Amino acid sequence: MSFLTTPPNEHTTLTSYLQLPHLLSLTWLAYPILSLIFVAFRLQASLASSEDAISSAKSNLLASCKAAEEAATSTASLPRYMAIATNQQVADAVNATLRGARAALILTLTVMEAIINFIIDLYRSIFLCFLELVVRGGIAILVGAVEEINNVLATVTSGLRTQIQASVGTLNNALRETIEGINRINPFGDIPVPTFDPPNLDGLDNVSLPDSFQESLLRLNDTIPTVSTIKEKLQDIIGTPFELVKRDINDTFAAVSFSADTLPVPEQNKVSFCSDLDLSVVDDVGNDIVKSAKIGIVILLVIALVLIGLNCLFTWYKWRCMQAHLEYTRQAWNTDPTMQTKGSISATPQIALSNHNLMVLQANSEHPLVTRITNQLSQKLRLSPRTHTHMQWFFNYIFHPPAAACLLIGVFGLLLIEIQLLAMGPLVNKYQEQAAETTKDFSLLIANSINESMLNQSTIYAAEINGRVDSVQTTINDGLFGWVDGTIVPLNTTINEFYDDIQNAVQTVFGGTILETAATEFIRCLIGSKVDAVENALTFLHENLRVDMPRVNDTALMLSPESVNEASAPIAAAAMGGGTDDDQGLIGRLVNSYADSLRKERVTFGIFLALWGVVVLMGLFVLFWHSTGKPLLEKRRRRKYEKSKGMLPEGGFVVPYRDGSAPPSRDEKNLGGGGNGGVGLAMTGDELPQFTPLPSPRRSAFKPFWNPAKPDASGEAKDVEKEPSPMAQVAADEVSKLKAFRLKLMGKSTESLDADSKASDNPPGLFGKVKGVFGKKDADQAPDYWTSYNASSDTVNANTARPNIRVIVDTDQDREDTYGNSFRHSADIEGADIYTPPPNSRWSTSPGPTKTSWNLKKLTLLSPKSSNNKKLPAVSGSSSIGPIPPSMSAAASGLKRQPSVPTDIGASFDDPFMASVSVPRKPSPIVPGIYPVPLHAAAPAINNNPYQRAPSPPKRFVAPYLNDPSALSRNTSGSSASKTHRRSSSHPAAVWRVTNAASTDRLTASPMSSQVSLPARMLTSENPFITPFDDEHRVEVVNPSRGEVRKSMAVNPFSNAAAVAI
């Protein structure tokens, strides 16, 4: 590429990556802020729908009110429909009443006439009988006197006797006829007919009276009135007015009748009350709903603004954490005691930047906060590395930006909706009473409208009905009882005339006699009092005989207030909502409409949250698979394989060298491992079955909560599968001739390479590639047998194609000023053993360990972590070592350094801006490129040959600090202490120290390919998948104070803050 070969033509202040100001300018696009904005927009949509619902509620309320007006009009028109049905009944009742009144009046008059006739006839009969008694008694007295006289006067009395007897016979006949006539009209029974026997006047035959006396008696007999004449006259006088009244009654009632068709019917009256409808409660509820929604939107916007500010701080904090991580990485790579060097002190450190290392670095840089949280959780919960890896993967998985966006949208949306739904209850309670009052007032309005309409109709109807009643009443009074004025007076006159006739008759009979006064008094006492009573009765009839028909009240067609309220309450409830059903009235419907829209939005946010839940379930499934499922499947496959193969054949497969005192590992047992002698049995490459388990790589040395590890009692290593490199399937014929030549110089044969190639021809399947990463840790691992970086970098076999990158953090000038001759006298250190395996770094980042002298009196390790900017003294149990200086600097290479570029940048030949620079002053020797580079070249061997092979197997190495960690801080060599390695900058180097050393940090193994040609070669096994971030919590870092920093050096402005925060 051109930018690798040519320097830039123009100077620019921009970089290819975003710096802090650029990141701060994008803080408003964070997922939480976008989630809040999304929720605010959804709430705004709900607010618009609520406003539409309010308008719709008012429209529906008016429409309901119109319908209520129609219903109220129908209710108010009840008098019309009541009158239509009532008029016929009223007419029938009036007509029946008239017919009954006529019959009653006629019957009454008939009975009255009979009673009057009876009374009059009774008095008449008594009078006539008494009169006859008096007359006949007087005549009998006279006859007796005459007989006495006739006895004297025989001649006179004989004639008188005959005449008297004849008169008595006539009297008997007349009396009999009279009594018979009375019996014919007497309803109380027959009156016996008295018989007057003629007196015996034989003695008067000889007596005769004078003629004048006899003529006077005959004349008296002729003057007595007859009974039949009086009777006929009384009947004519009494019966005539009654007959007239009866005829008038019949004629009057025949002309009077009530017809339902002629009765009035009220008109339908329309009720109107919607113009007086109070809609303020709807407006108040709507305003409160809109107000609450707007408050929610404003709160969301305020929270969004606050989150923007907090996100700026958070972005600054992440930038600071990233800078701290970069400082960790830079100083970790520089101070790693296992860093591979090129045979000289000034050689460039080489690290293995595999895909795994870069992916871990990228993940940590992408999620620094998640990484920090997981590290702290692991430290506090004292989780195992496997559990820590799973937890960090799980958090990175479920908080992947799209998944985190779903989570935030769902949580913020549901939280806001639930808050609004909870606020609906107080809102309903607030306006429920007001709505009830409004409904009550509306009911009263409807009731008053109905009452007013019904009162008007009832008044008109009653007036018309009463007019008809007055007409009928006048007709009856004038036509039926008009005879009173014309008959009462004549009847009274008739009775008076009857009384006068009786008195005249008595006067005629007894006038001039001694009985006149007695008879007159008797008639007055017997008949006069009764006549007076009859006159009074007729006068009462004249004054009171009138028909008063009942009138119709003005409120006859009105309903009672209870009935009107009962009729108007459902109408008001239908219009306003009564709250007795599911809609909870007007307020309930209005609030429920908005609540329903919120519930629909809740479904949307619930879907977002469910999507994040699906991601969580997927992550849990993946964790379950890699922690339980896959190991079980691999175990089943291995058991099936072992069962199918039975006893493994001997020969062909070489087991790495192992000390005889340690028990065989599981890999050696499964593959026919050797005995205590060290070299195991071999198996031919042709006999290797497919999916043969390979020796597991060294597990991660990351232990954020490091405890001194206790070795397994059995000393048996656990099986962990090795993940193949991306170049695992490169064919063996692609090995270059140069590599073959280098193998020959190393004393290796092609057979060993072929054996290694055949051993890796059948890599484990995809299912078992990551078993070593997620496998369960049963106990502390024993030393694994894995091809070291030195062998892989020298042989470049098919399983290793990891690039070698030189990372330089020090300039040449700084190295000369800082390091000086710190390693110049390293060859003079006594007791140095090139075969003694050096300690494995806590950082475990570089592909190969760097050989250093452990007889130095004082070694200082660098680390970015600091506490209060003070140097920490070396303590027991912690090891320190100086950094490895780089080979050259930008100044030495001739590249002009920009003032804004730190001295650590552009100091490597791998840098694109150094591609066109001339060859450095001190190029790397060619020999390390051809011959295998020793793993520990910091101190030369005693015979000054760093590449010689030992003729015998090495002694078992036991690191002194494993048993006694304080040995590193003591001067074990007795020689003068060499100067500590200092950083390339002008300020004192920061000090880092391993605070929790463990025995598993120093694991030795022999490469399988070198056992045949190199029976004694001790290599340090390392895990190529470890990054400096894995051991972050195992190192304490002390940075120098700010006052000691060189002013000309570009300084990270967040270094102190990062150190304090971290």
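Placement of Cβ uses the backbone N, Cα and C atoms for every residue, glycine included.
Topology check against Swiss-Prot: Leu14 and Met322 fall in different compartments relative to the membrane. Checked against Swiss-Prot, the residues Asn206, Asn971 yield a single entry marked N-linked glycosylation site: Asn206.
Feature annotation from Swiss-Prot across Asn95, Asn553 places N-linked glycosylation site at Asn553. The secondary structure of Asn456 (N-linked glycosylation site), as reduced to three states from DSSP, is helical. Note: the topological domain 'Cytoplasmic' (42-102) comprises 60 helix, 0 strand, 1 coil (DSSP; helix = H, G, I, strand = E, B). Asn553 (N-linked glycosylation site) and Asn451 (N-linked glycosylation site) are 15 Å apart (CA-CA, integer value).
When Cβ-Cβ distances below 8 Å are used as the criterion, the transmembrane segment (103-123) is approached by residues 182, 185-187, 231, 234-235, 238-239, 242, 245-246, 249-250, 480, 498, 526-527, 530, 534 of the same chain, each at least six residues removed from its ends.
Summed and averaged per residue, pLDDT over the topological domain 'Cytoplasmic' (42-102) gives 75.
For Asn553 (N-linked glycosylation site), the nearest of the glycosylation sites Asn250, Asn456, Asn492 in terms of C-alpha separation is Asn456. Away from its own ends, the transmembrane segment (605-625) comes close to residues 39, 42, 390, 393-394, 397-398, 400, 403-404, 406-407, 409-414, 417 of its chain (Cβ-Cβ under 8 Å, at least six residues beyond either end). Long-range neighbours of the transmembrane segment (295-315) within the same chain, counting only residues 6 or more positions beyond its ends whose Cβ lies under 8 Å from a Cβ of the stretch, are 20, 23-24, 27-28, 30, 32-33, 36-37, 39-40, 43-44, 47, 369, 416, 419-420. Neighbour count (other Cβ atoms within 10 Å of the Cβ, all protein chains): 18 for Asn492 (N-linked glycosylation site).
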